[in-house]
Amino acid sequence: MPIKLQSSALSLMISSFLGSCRPLSIFIIRRLLSTQQKINSRKVPPYENADRSYMDLSQKFYESMKACVNIRSKPLARGLHCQLITTGVDISTFVQNNLINLYAGCGLIDDASLVFHEIELKNVFSWNTMIEGLIDSGRVTAAEKVFDEMPQRDVVSWNSMMSGYYRNGFPEKTIDGFISMVRCSTTLPDAYSFSCVMKACASLENLNLAFQLHSFSEKFKFLGDDSVDSSIVDMHIKCGAPDIAEHVFLKMPNPNLFSWNSMIYGYSQLYDAQRALELFDQMPKRDLVSWNMIISILSKHGHVTKTLGMFIEMCIQGFKPNSKTYASVLSACTSAHELKWGIHLHGRIVRMQQHIDAYIGTGLIDMYAKCGHFKKARKIFNNLKEHNIVSWTSMIGGAIHSGNEVEAISLFKQMKEIPITSDQFTLATVLGACCGLKDIHLGTQIHGYSIRIGMESLIPVANALVTMYAKCGDICNANHAFKLMTFKDIISWTTMITIFYNIGNIEKAREYFDQMPERNLVSWNSMLKGYVQNGIWEEGFKVFVLMRQKGVKPDCITFITSISACANAAILKLGNQVVSQSVKFGFGNDVSVKNSIITMYSKCGQIQDAKKTFDSIVSKNLISWNAMMDGYAQSGEGNLVIDTFEKMIWSGILPDHISYVSVLSGCSHSGLQPEGQRYFNMLLKDERISPTCEHYACMVDLLCRAGFIEKAKDLIDKMPIEPNAAVWGALLGGCRIHGNATMAETALKNLVVLDAEDSGSYVLLANLYSDSGELDSVSDVRRVMKEKGIRKNPGCSWIEVDNRVHVFTVDDTNHPRINDVYKKLEEIIKKVEDVGMYSSNKAKAYHSEKLAMAFGLMSLPAWMPIHIMKNLRICDDCHSVMKLVSLVTSRELVIRDANRFHHFRDGFCSCRDYW
């Protein structure tokens with residue numbers, strides 16, 4: 001049959017598309033048109049070179065189809081098919097296969113299916129091409145049907161299905177497909193098969209399956225194949241076995257870029273960001289993924305300076321940052337509140353990027369919102385061309401971070417009106433706004449909304465619901481929401497532990513801790529903190545020991561909490577051991593750990609050791625200065641508090657409300673009334689800080705101790721905020737010192753109005769009446785305490801001897817050596833009375849600190865100071881006895897009571913009788 005080409009229709013069609021085509025595609029299509037014109041002009045006689053002409057024509061159509069797929073033009077694809085039909089030649093299976101590929105590549109999968117079903121002699125390529133087309137269009141079920149109808153399959157058929165399952169979000173089916181292929185004896189897997197199934201395994205994070213696939217690849221002799229080895233490395237890293245991945249990686253003679261990039265991430269898991277950076281430096285060559293990987297790792301691990309430095313180096317080496325690069329660097333700026341760097345990056349993005357996409361926009365929104373510029377974040381959000389769920393969630397989170405929970409709820413409502421469907425992270429964020437507002441009604445509504453859209457069982461939402469109910473005070477519903485969770489992660493369990501220890505139910509917290517199927521470091525730290533926070537230090541130490549026995553590596557939070565426990569219990573020897581452990585694990589120079597060490601030494605009366613630790617900190621932060629000032633204040637070193645406060649300001653660090661509490665407390669304990677007044681006036685002028693009741697309590701205490709009772713009362717009356725129990729308690733304490741019973745009654749009346757149930761205030765007033773000889777008034781106070789059910793807190797003191805803590809209570813009878821202690825105390829009191837400066841008070845003869853003192857004299861060598869801790873304020877009688885004991889025994893006594901430290905030496909106390 002003669003070949004006669006009609007090119008006019010195709011010429012007209014092609015000319016309409018040339019303006020939008022790529023140069024190479026235009027060139028190929030024009031060649032097809034030119035070939036047709038030449039064939040027509042030559043007037044080829046029947047059957048002259050027919051085979052050659054047919055082959056040339058098929059080749060030209062094949063090239064044109066490829067070009068059409070590149071530009072994804074649907075009209076041109078159909079036009080090419082029409083032109084092929086008008087040629088009048090028989091269309092071979094080869095051409096029909098390429099037509100399937102043409103239609104599928106241009107998004108015309110139904111047209112591709114019609115061509116496929118018209119093929120009389122389908123070969124394996126026909127079936128595979130149809131499967132690929134259906135998979136690429138997301139029609140997985142239709143692809144499965146075609147696959148099942150195949151009369152014969154090859155490895156490409158299996159790989160197409162496995163790859164399609166994985167790309168369409170069905171990793172489990174990818175694994176099932178691999179198993180079926182292996183069981184089918186006619187087809188053996190190739191390297192691509194293993195790469196597909198290992199990607200699916202990695203996405204499922206199934207470590208057991210990873211080990212099986214690793215062994216299976218070895219059985220099929222694929223170990224050593226570059227693509228398979230790379231997939232093994234990536235799979236083990238994503239399944240949580242970076243050590244196995246490292247073993248494979250180190251055996252690879254020439255790892256490819258994918259392997260290097262995967263292993264960099266693996267090192268950040270197996271070791272730390274520094275080791276990942278060292279591996280990055282060893283790379284023979286890098287691509288954009290390599291740079292993005294190391295920048296992301298450094299950013300997530302909090303290495304802000306290194307992140308920014310790596311970004312600069314990347315640009316110097318000629319790599320162009322993309323959205324992922326900017327997002328990581330912006331995240332680093334956000335975590336360190338580096339607003340200047342963030343603004344610089346924003347400017348660069350505007351200059352270098354054609355537009356700000358949702359990915360970069362989200363990073364900018366987050367950065368500005370968390371750096372305190374919510375209006376700027378809102379402006380960027382409004383200017384984004386398109387908003388996705390991530391940008392909305394970031395905007396809502398930014399509003400919450402700025403303290404504007406009402407705005408966050410408003411944004412959520414706007415998002416729903418558009419409408420944009422909420423995801424689990426949006427709901428979790430909005431529930432966080434309900435926590436801030438303490439609005440359980442709104443939280444319950446969002447709970448209902450999450451049920452309607454089927455997200456209440458998702459872990460982030462369920463965890464947020466538990467937290468919301470707990471922070472709104474509904475522990476019952478929080479526990480109920482937890483029990484309804486289908487799946488609980490470590491965060492779920494840890495949240496419940498935190499909830500229960502925060503309400504003082506440490507037994508329930510431990511019950512949940514013991515029920516955890518698995519624990520991580522955060523879980524252990526949470527349980528440890530629970531015991532410490534509730535004053536159960538001994539159990540806290542047991543948790544620390546158990547944690548080490550289980551092989552859990554502690555972090556800085558572990559040591560900060562443990563050192564704080566030693567500080568609160570004033571157990572110096574154990575504290576020193578924990579400090580040594582922190583150095584051993586590499587946290588010796590951590591600023592936060594050193595700050596806790598300062599506090600521990602201060603609370604154990606070792607103020608010089610606290611000062612040495614403070615001086616060893618190279619970059620002191622505000623907490624470092626506050627810890628040192630608080631230590632000096634507790635030790636009655638008011639002048640050193642003032643000196644430290646001034647040095648802090650001189651160093652460029654501005655004081656916060658805690659700094660002012662420390663300096664005012666220091667002045668109060670040292671009787672520095674003019675200096676205290678000056679710093680209080682400085683506080684009132686500081687626009688950054690609003691004075692709290694804690695500051696006013698310090699100032700009232702300062703004035704009362706100096707004898708200005710009326711002035712202190714006048715200050716209370718002029719307070720811009722409602723005085724709390726601490727303020728009235730300070731006034732009551734001053735009245736006791738100066739014997740002002742009338743003002744003391746006023747203070748107590750206000751304490752009663754505040755429903756203060758602290759027995760200390762009533763005891764102070766009773767002691768004041770007792771000292772004044774008003775025994776009837778003492779009886780009245782005790783009667784009121786009985787009516788209100790207020791019991792005096794039992795006093796106890798403890799002392800550390802031979803690595804054991806010995807606890808004593810008033811009139812103690814439980815200590816194994818209590819008879820010897822009483823004999824020693826009577827002996828010491830006799831010596832004190834012989835001095836002629838003390839007359840024994842039988843009612844206070846056996847207070848706990850006296851028993852602890854006697855035990856210390858019995859048990860400790862003569863050169864060693866005796867350190868005693870007491871849970872209540874030391875009474876006048878015991879204070880006088882301790883001064884005289886230090887004189888008659890020539891021993892140094894250090895007592896830490898509920899208010900401060902007392903250093904007794906040679907008959908004098910460091911408080912100068914001013915406590």
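Every residue, even glycine, has its Cβ placed from backbone N, Cα and C.
Mean model confidence for the repeat 'PPR' (123-157) is a pLDDT of 91. Taken from TrEMBL, the feature repeat 'PPR' applies to 123-157 (among others).
The repeat 'PPR' annotation in TrEMBL covers 256-290 (among others). Across the repeat 'PPR' (256-290), DSSP helix (H, G, I), strand (E, B) and coil residues number 26 helix, 0 strand, 9 coil.
Per TrEMBL, repeat 'PPR' is recorded for 357-391 (among others).
Among the features that TrEMBL reports, repeat 'PPR' is placed at 489-519 (among others).
Below 8 angstroms of C-beta separation, residues 490, 493-494, 497-498, 500-502, 504, 506, 509-510, 513, 561-562, 564-566, 568-569, 571, 574, 578, 581, 585 of the same chain, each at least six residues beyond the ends of the repeat 'PPR' (520-554), sit close to that stretch. Sequence annotations record features per position, and here TrEMBL assigns repeat 'PPR' to 520-554 (among others).
What TrEMBL lists as repeat 'PPR' is 621-655 (among others). For the repeat 'PPR' (621-655), the DSSP-based tally of helix, strand and coil residues reads 26 helix, 0 strand, 9 coil.
Sequence annotations record features per position, and here TrEMBL assigns repeat 'PPR' to 758-792 (among others).
Here the domain 'DYW' (841-915) is broken down by DSSP into helix, strand and coil counts: 29 helix, 16 strand, 30 coil. What TrEMBL lists as domain 'DYW' is 841-915.
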| note | Residues outside the repeat 'PPR' (123-157) whose C-beta sits under 8 Å from one of its C-beta atoms, at least 6 past its ends, are 93, 96-97, 100-101, 103-105, 107, 109, 112-113, 116, 163-165, 167-168, 170, 181, 184, 186-190, 192-193
| task | Mind tallying the repeat 'PPR' (520-554) by DSSP state, helix then strand then coil? | result | 26 helix, 0 strand, 9 coil
| remark: Within the same chain, the residues 6 or more beyond the ends of the repeat 'PPR' (489-519) and with Cβ under 8 Å of it are 459, 462-463, 466-467, 470, 475, 478-479, 482, 526-527, 529-531, 533-534, 536, 539, 552
